[in-house]
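*Asks:* Straight out of Swiss-Prot:
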| type | residues | note |
| --- | --- | --- |
| BINDING | Gly54, Arg55, Gly56, Gly57, Ala58, Gly59, Phe60, Ser61, Thr62, Gly63 | NAD(+) binding site |
| BINDING | 166-213 | FMN binding site |
| BINDING | Cys344, Cys347, Cys350, Cys390 | [4Fe-4S] cluster binding site |
Amino acid sequence: MLKEEDKIFINLYGQQSYDLKSSKKRGDWYNTKALLDKGRDFIIDEVKKSGLRGRGGAGFSTGMKWSFMPKNSEKPCYLVVNADESEPGTCKDRDILRFEPHKLIEGCLIASFAIGANNCYIYIRGEFYNEASNMQRALDEAYTEGLIGKNACGSGFDCNIYLHRGAGAYICGEETALLESLEGKKGMPRLKPPFPAGFGLYGCPTTINNVESIAVVPTILRRGASWFAAIGKPNNTGTKIFCISGHVNKPCNIEEAMGIPLKELIEKYAGGVRGGWDNLKAIIPGGASVPLLPKSLCEVEMDFDSLRTVGSGLGTGGIIVMDRSTDIIYAIARLSKFYMHESCGQCTPCREGTGWMWRVMMRLVNGNAKKTEIETLLNVTKEIEGHTICALGDAAAWPIQGLIRHFRDEIEERIKNFGIA
């Protein structure tokens, strides 16, 4: 359990103002120049030592990603912050954007300095109107106070931060599709290689990080890499914002230590499962794109490695709780429809496969199918998985794979009952 003094996002619930004055009282912008004066290598090394892994879903080492940027590039370098939070069940970045914007802005300055980027773009989800308004006001305050812009914080480093609003496409949360959108093109993922660190925004070296990944950096540097690394578990260090929704008594966002047991997280902060733990049917532990877990596996620890061991993933940390009243087959079919709708259509397996999977899922929902179709559906998900430019194909396949893995009997029972009816 995370100690109160170890929490990074003190204003996660918006109980205080998000303005600069209040943010400074919470410790933001304290001695930022001194942090920058320690140099780029020190900053990257500290972030590496902290063990910070990307909080957007992939879990890649943040410090390692920064180190891929060229040190003496002839082209300008860019930092891009992915604030296009559109994953069903996920709303952590939204609260940072509207209640803790200065943590993000300060993190942008430090990260930009570390990778040698004089320009940073925050790409924010189009539907986040109020969040974008709060963010822009915070940016204006930071410019007025000389915290960013020319000679940011008196460091001699110039850093401009721009807010760019998206237009509502889930696919633009994929880093290269986001870059295409920023350039004014249709948001469609790029083939890799080349990777963004070598050929990113406008063909220049670019680092793309999640909102939460960037927002925790100033606190890590102030309190030390060893402090952050001591929280959580080895290889799964630090704090994480978890979003708990669905059939719980008190849906909430909560910052906790990595590795906290899923059951403890739900019972301590979300008031428990509606109707008690015995009424639990399944949980999606990391946003809509990771496989669900049946009740028998729901006491797993919430970190990248533990969830991978049980056949799921931490993803974004968006926990969706489903009790026994849930039509689990329809719940996953609804996710299939989402991915069908959000496919950009570039890759044939995803373009054709997501629609096909949804149609078969609806047959299974009604029970109007043959048992052999279950195996056919599973085989098709495996043909889509890993055969697309981006991970949307994987994201569409995994929920169905999880359903068949853990609730195959229920699907077969529905098919059997349809014939009887």
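Backbone N, Cα and C define each Cβ position, glycine as well.
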*Asks:* Rounded to the nearest Å, what's the C-alpha distance separating Gly56 (NAD(+) binding site) and Ile208 (FMN binding site)? Just drop the number here, would you?
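*Replies:* Distance (Cα to Cα, whole Å): 10 Å.
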*Asks:* Can you grab the distance from Leu178 (FMN binding site) over to Cys390 ([4Fe-4S] cluster binding site)? Cα atoms, rounded to a whole Å.
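*Replies:* Here the two Cα atoms are 12 Å apart.
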*Asks:* Could you list the residues of the same chain, at least six apart in sequence, whose Cβ is under 8 A from the Cβ of Cys347 ([4Fe-4S] cluster binding site)?
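*Replies:* The list for Cys347 ([4Fe-4S] cluster binding site) reads His387, Thr388, Ile389, Cys390, Gly393, given in order along the sequence.
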*Asks:* Please classify the secondary structure at Ile208 (FMN binding site) using three-state DSSP.
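*Replies:* For Ile208 (FMN binding site) - judged by DSSP and reduced to three states - the answer is strand.
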*Asks:* Neighbour count, 10 Å Cβ-Cβ cut-off, for Cys390 ([4Fe-4S] cluster binding site): what number do you get?
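*Replies:* Cys390 ([4Fe-4S] cluster binding site) is surrounded by 23 other Cβ atoms within 10 Å.
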*Asks:* Which one is it, among the binding-site residues Gly184, Ile208, Cys344, Cys350, that lies nearest to Thr62 (NAD(+) binding site) by Cα separation?
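*Replies:* Closest candidate to Thr62 (NAD(+) binding site), judged by Cα separation, is Ile208.
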*Asks:* Please tell me which one of the binding-site residues listed here (Gly166, Cys172, Gly184, Pro196, Ile208) sits closest to Gly54 (NAD(+) binding site), measuring Cα to Cα?
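*Replies:* Of all the candidates listed, Ile208 is nearest in space.
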*Asks:* Under 8 Å Cβ-Cβ from Ile208 (FMN binding site), six or more apart in the same chain: what's there?
*Replies:* Val80, Val81, Asn82, Glu175, Leu178, Leu179, Pro196, Gly200
*Asks:* Can you give me the Cα-Cα distance between Cys344 ([4Fe-4S] cluster binding site) and Gly166 (FMN binding site) in Å, rounded to a whole number?
*Replies:* 15
*Asks:* Name the residue among the binding-site residues Ala58, Cys172, Leu178, Cys350 whose Cβ has the smallest number of other Cβ atoms within 10 Å.
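*Replies:* It is Ala58 that, of the binding-site residues Ala58, Cys172, Leu178, Cys350, has the fewest other Cβ atoms within 10 Å.
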*Asks:* Can you figure out which of Ala58, Phe60, Cys350 (the binding-site residues) comes closest in space to Arg190 (FMN binding site), comparing Cα atoms?
*Replies:* Cys350
